[in-house]
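Structure first, then comments.
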Amino acid sequence: MERAKDMNKIVVTVRNYLMPMLLLALLFVISRWNYLFFHILVDGFTVTVSIVTFLIAKQTFKHSRNYYTVFLGYAFLFEGIIMLLHILTYKGMNIFPYYTSNTPTQLWIAARYISSLSLLAAPWFINKKAPLKTMVTIYVAITALLLMSILWYSVFPDCFIEGAGLTPFKVYSEYLVIVILVAAIIHHIFRKKELSDTMLKTMISSLAFSILSGLSFTLYRDVYGFTNLLGHVFSAISTYLIYKSIFIRGIDIPYERLVTEIKHSKRTEEALRESEERFRVMADNAPVLLWMSDENSQKIYFNKGWLDFTGKRMEEETGEGWLRDVYPGDLVNLEKRYQTALHKRDGFQVEYQLKSYDGQYRWVLETGIPRYLPGGIFIGYIGSCIDIDDKKYAIEALRESEERFRTIFENTSIGIKLVDCNGKILMTNPAFRKMLGYSCAELSGLNINQICHIDDKDTMMSEFRDLISEKINGFKLENRYVGKDNEIILAGITGSLVRSPKTKTKFVIIMAEDITRQREVEAHLLQMQKKEEISQRLASIGSLAAGIAHEINQPLNSVIVLVESMLYWMEKKQEISKEELTENLKEIANQADEINEIIVNLRSLIRKETKLKPHLYNLNDNVDLVINFFQNKGLVQDVTIVKNYGFILPIIGNPTTLNEVINNLLLNAIQAFSMTSRNDKKIVITTYMDSNNVYLEVCDNAIGINEGIKDKLFEPLFTTKDVGEGTGLGLSIVHSIVVYHGGNIECSSNERGGATFVVRLPLVEAIESRDNNEHTSCG
């Protein structure tokens, strides 16, 4: 056994390595003995393989429908024609003695261009159609033009000059061909999922040898030289590998598949016959249209139902004949869906219009699933078509829809009732009857106002009448029902208008959800929240008091020290100079002003402004007012202020406090520049609005916001400035004013390194309603 394996390895080694080496050695000996004979052998082999490649691709196309191989077959046919002329005009052949060595070199580079460009384009036609007639016409035209330019008119650029060797055009052309071949390798790798591993490796190897051939042909100076010899050998190897690739795709793989199928059929011939008969009987008697396709999506079978539907014979429909019955406007989408499914080997579903035997197009729903041999080899699709143009299909769909509605109606936990246009209850579901405690018979025939609370009847009926008259699209409100035991049930209800599909009669579907318990829980939670707020306020008062004591103690201690100092010198009966006395008194006054500022700010923060009447407030005008104030005071001399005002409507608010917001934000931005040394100080003020709010945005390029203190910025007495430089109340006052007006304020760092504050204020809500929740009165 081991000897047999060793012998097999030796045979494989000889076949794969020793034989090619011996063949190459023989070719080298022949080239040294008679280079012209060598050239005829190698290039003659290339021409022969090119023609055989074309014949294989052409003859297998009607079965394989493989546009990739047939495209390459035609390409190599025309390349072979040019290569044949290359052989006949080669130096020493003397068939056309009036041509120099330049002519075969020109023919060679022309063939190289056709070959490389064809190999680059070929992967586009994997699993895609190619316009064969147009393609052949183009190849004929290009080949004719090239031959006339070389052999007749002599306008093709020179490629070889006796005594000088290759021309720059020839060399650069070879390099360009190499670039094209590299692109062809990349293109094949990109489409590798659509090629077998063997074929992909063979094609890449062929392209690689073609690249080596091109490199060799850039180096020779003599048409009989060694590098010229090497280039011809590489070219022959490349051509043979392409032939092998097309042979694999066109004959080898189909042959292996055929052998597999034959072997399988021999083992299961009788079972297959019986299975096919059963399939034929079932398919021909199936109430749907059935079909089968091969691996290239070409239809190969239609059942009797299909043929009866279209009124065509089997031979008229197979292949692409059935596409003639598809509505032209649906062909593009159908082809795209087919190609996508074929590419992924996936099932698909598609709708299109198919012409029936009476010449009318009818919508069909087609479903296809992939077919595989036991070995996992994909062999095409099997599918069915359902006529969805029939009225019975629509009736069945409607029945299913009604059944789904009934299931939801009977099993949902939300109460539902169907009411006619007069308010009479026609139908109720179990959840609604359970909520009120009535039976179905007790509710049927009642008017909806008979089960409503007396205080809610008018609102309920008003909404109902508006819905019936289509003044509104629907309604949503809270309504009190009176249960069978006179219990009051608070329900959230919605009403929607529907029409009968047949009679167009109007009905109203009212959905009701018992929210009695929910409202009780909400009331309890609200009470708990108020208690929590009281506790938090007490805690805040304690914290605030400690902060106030700290802030006031600093200036107060300074006053005490100065006063005690002056008293000490007076007790010592020492004189105090007028200048020192004046300076001490000024310092005492400054510290007193600081204490007063803290108290004033605290009043602004704490006071309630319910007695202040709101006014129409134009944000843009008041921003200008504050900016002018700062400019007049000389506070922004080295700061550039940019105003980006949008069109905004007036809001309702208190001008004094809102101006204080603008003042504090602008002052905060100006003071931030004291902590930076930059010269391009800039503040950008932007205003804009949406459907519900207006916005004020103050953006600087100072020092930004530290994320660690972001949540503390609006707390009373919190400051980032040094001791004595700020009270920590400015942003807290801004926050309280904005919240009082029903808005909010946010801060963040911006991309310019500074801070951005954005204030949102409601567009139409009045200050008086800030503490009230929006509520719709309902019955």
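Just so it is clear, glycine is given a Cβ too, placed from its N, Cα and C backbone atoms.
Sequence annotations record features per position, and here TrEMBL assigns coiled coil to 571-605.
Feature annotation from TrEMBL assigns domain 'PAS' to 275-345 (among others). In the domain 'PAS' (275-345), helix, strand and coil residues by DSSP number 44 helix, 11 strand, 16 coil.
Residue counts for the domain 'PAC' (348-400) by DSSP state, with H, G and I taken as helix and E and B as strand, are 10 helix, 30 strand, 13 coil. If you look up TrEMBL, you'll see 348-400 (among others) marked as domain 'PAC'.
For the domain 'PAS' (401-471), the mean pLDDT of the prediction comes to 86. As annotated by TrEMBL, domain 'PAS' applies to 401-471 (among others).
Sequence annotations record features per position, and here TrEMBL assigns domain 'PAC' to 475-527 (among others).
Per TrEMBL, domain 'Histidine kinase' is recorded for 547-765.
Residues annotated as transmembrane segment in TrEMBL: 12-30 (among others).
Residues or ranges marked as transmembrane segment in TrEMBL: 36-56 (among others).
Under 8 Å from some Cβ of the transmembrane segment (68-87) lie the Cβ atoms of residues 39-40, 43-44, 46-47, 49-51, 53-58, 60-61, 93, 104, 107-108, 110-111, 114-115, 118-119, 121-123, 125-127, 130, 132, 135-136, 139-140, 142-143, 146-147, 151, 239, 242, 246, 249-250, all in the same chain and six or more residues away from its ends. The transmembrane segment annotation in TrEMBL covers 68-87 (among others).
Look at TrEMBL and you will find 107-126 (among others) tagged as transmembrane segment. Outside the transmembrane segment (107-126) by six or more residues, the chain places 67-68, 71-72, 75-76, 78-79, 82-83, 85-86, 89, 139, 142-143, 146, 150, 156, 159, 170, 173-174, 177, 180-181, 183-184, 187-188, 190-191, 194-195, 207, 210, 214, 217, 242 with a CB less than 8 A from a CB of the stretch.
Look at TrEMBL and you will find 138-156 (among others) tagged as transmembrane segment.
Positions annotated as transmembrane segment by TrEMBL: 171-190 (among others). Sequence-distant contacts of the transmembrane segment (171-190) (same chain, at least 6 residues past either end, Cβ-Cβ under 8 Å): 109, 112-113, 116-117, 119-120, 122-123, 159, 200, 203-204, 207-208, 210-211, 214-215, 217-218.
For the transmembrane segment (202-220), the residues of the chain that approach it from at least six positions outside its boundaries are 108, 112, 115-116, 119, 165-166, 170-171, 174-175, 177-178, 181-182, 184-185, 188-189, 195, 226-228, 230-232, 234-235, 237-239, 241-242, 244-245, 248, judged by C-beta separation under 8 angstroms. Residues annotated as transmembrane segment in TrEMBL: 202-220 (among others).
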Helix-strand-coil residue split for the domain 'PAS' (401-471), DSSP-based: 37 helix, 13 strand, 21 coil
For the domain 'PAC' (475-527), the number of residues DSSP places in helix, strand and coil: 12 helix, 29 strand, 12 coil
